[in-house]
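Chemist: Okay, here's the structure, questions in a sec.
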């Protein structure tokens with residue numbers, strides 16, 4: 001007979017697996033550029049600046065969405081939020097497959113941002129943190145990143161296969177977009193039946209019974225007043241600034257190494273998705289078993305990544321072998337994805353109260369993902385106004401500067417943790 005503990009474990013991993021499926025599909029359409037950057041330019045008539053602007057506008061919407069989700073995540077059950085967001089993504093994708101005019105393209109991207117970033121992502125982060133104990137945080141987030149990387153890769157290669165086998169033309173891109181639309185809708189239906197509803201507690205910090213709205217607002221205020229949440233959030237910000245630049249490894253290899261469009265698409269999938277399968281578990285394992293601290297791990301990898309980017313920016317790429325360029329960019333990407341996998345894990349390390357997890361994760365997402373509101377547009381504009389290696393060199397050096405800032409912030413967070421431990425002891 002199954003014990004109560006066995007049943008809890010089963011429910012835990014069913015919920016976790018459902019979240020992995022959703023996380024692996026929720027961003028496919030919003031980040032269509034990852035595998036289809038060049039076809040989007042060719043068949044949808046989009047420039048670097050237009051794609052970058054669309055990403056930045058969607059990022060701005062995500063920013064306000066994260067603000068609202070600070071309240072929403074602790075107010076609405078995941079059994080409602082997760083399926084609703086996935087179904088919304090699929091419906092918007094059908095509209096995107098019509099190759100709409102640019103103004104409508106922007107609106108659809110904004111809708112995708114609302115579904116993914118306001119409804120799905122903070123709810124997923126909250127649930128993952130609560131599913132794992134304090135000692136499991138690195139591994140839970142690492143496994144999540146690896147799992148969604150696997151789902152990402154399978155689905156992305158499926159879409160690339162649809163595109164390649166149907167002729168690599170405009171109709172093929174439409175078919176790939178429709179494929180990306182159908183998958184999250186199916187997963188949304190599955191999620192509705194598999195996810196357990198949340199227990200929404202209507203009590204305040206003093207244990208007094210209040211309305212759910214009041215309880216949610218109390219959590220918001222507690223999160224806003226917590227200094228440690230802000231510190232972790234800005235560390236996430238530093239990682240994400242570097243992450244945004246990974247997108248431009250794709251056109252970099254095409255422009256400087258003349259890689260064919262289909263190979264560029266395959267590289268893009270590996271760079272953006274398959275690396276999650278490597279970086280996620282490696283980052284989680286090293287965090288929990290070697291460094292015993294997510295912040296210590298982040299500090300070390302910030303140094304490695306920043307140094308590699310600074311060196312890579314000044315290499316003589318016109319005289320280099322294409323496979324060396326691919327290896328370097330993939331190595332940098334693996335480092336960044338290992339940081340992305342665990343950059344919310346310090347929420348437990350700095351002892352953020354678990355009862356305000358939803359508000360904490362939403363605030364962390366608001367600040368941490370803020371670069372999406374402006375950095376893609378800046379990077380894209382730099383490339384359009386500085387053709388050739390000069391533009392890419394500027395982008396890579398900016399990424400290195402953000403890595404340096406992350407190193408300094410991680411060092412400060414470690415000093416705060418040390419002082420708090422000394423006071424408590």
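Positions of Cβ are set from backbone N, Cα and C atoms, glycine also.
Grabbed the feature section from TrEMBL, which reads as follows:
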type     : residues : note
TRANSMEM : 12-31    : transmembrane segment
DOMAIN   : 14-418   : domain 'Major facilitator superfamily (MFS) profile'
TRANSMEM : 51-73    : transmembrane segment
TRANSMEM : 80-96    : transmembrane segment
TRANSMEM : 102-121  : transmembrane segment
TRANSMEM : 149-171  : transmembrane segment
TRANSMEM : 177-195  : transmembrane segment
TRANSMEM : 229-250  : transmembrane segment
TRANSMEM : 256-275  : transmembrane segment
TRANSMEM : 296-316  : transmembrane segment
TRANSMEM : 322-343  : transmembrane segment
TRANSMEM : 363-382  : transmembrane segment
TRANSMEM : 394-417  : transmembrane segment
Chemist: For the transmembrane segment (256-275), which recorded stretch in the set 229-250, 296-316, 322-343, 363-382, 394-417 gives the largest number of Cβ pairs separated by under 8 Å?
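Modeler: Selected stretch: 322-343, with the most Cβ pairs under 8 Å.
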Chemist: Below 8 angstroms Cβ to Cβ, which residues of this chain, lying six or more residues outside the transmembrane segment (363-382), approach it?
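Modeler: For the transmembrane segment (363-382), the far contacts come to 48-49, 51-53, 55-56, 58-60, 62-63, 66-67, 69-70, 117, 121-122, 125, 223-224, 229-230, 232-237, 239-241, 244-245, 247-248, 343-344, 347, 391, 394-395, 398.
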Chemist: State the residues, same chain only, that lie 6 or more residues beyond the ends of the transmembrane segment (229-250) and have a CB under 8 A from a CB inside it; answer 'none' if no residue qualifies.
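Modeler: Residues packing against the transmembrane segment (229-250) from afar: 33-34, 37, 223, 264, 267-268, 271-272, 295, 298, 302, 305, 309, 329, 332-333, 336, 339-340, 343-344, 346-347, 350, 352, 360, 363-372, 375-376, 379, 383, 392, 395-396, 398-399, 402-403, 405-406, 409-410, 412-413, 416.
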Chemist: Can we call the transmembrane segment (394-417) and the transmembrane segment (102-121) in contact, meaning three or more C-beta pairs below 8 angstroms at a sequence separation of 6+?
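Modeler: Contact between the transmembrane segment (102-121) and the transmembrane segment (394-417): absent, because fewer than 3 Cβ pairs are under 8 Å.
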Chemist: Going along the chain, which residues at least six beyond the ends of the transmembrane segment (296-316) come within the CB cut-off of under 8 Å?
Modeler: 138, 235, 238-239, 242, 283, 286-287, 290, 328-329, 331-332, 335-336, 338-339, 342-343, 346, 392-393, 396-397, 399-401, 403-404, 406-407, 410-411, 414
Chemist: Under a criterion of three or more Cβ pairs within a distance under 8 Å and sequence separation of at least 6, are the transmembrane segment (177-195) and the transmembrane segment (80-96) in contact?
Modeler: yes
Chemist: Per the definition of 3+ C-beta pairs under 8 A with sequence separation of 6 or more, do the transmembrane segment (149-171) and the transmembrane segment (12-31) touch?
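Modeler: Since 3 or more Cβ pairs under 8 Å link them, the transmembrane segment (149-171) and the transmembrane segment (12-31) do come into contact.
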Chemist: Determine which recorded stretch among 12-31, 51-73, 80-96, 322-343 has the most C-beta pairs below 8 angstroms with the transmembrane segment (102-121).
Modeler: 51-73
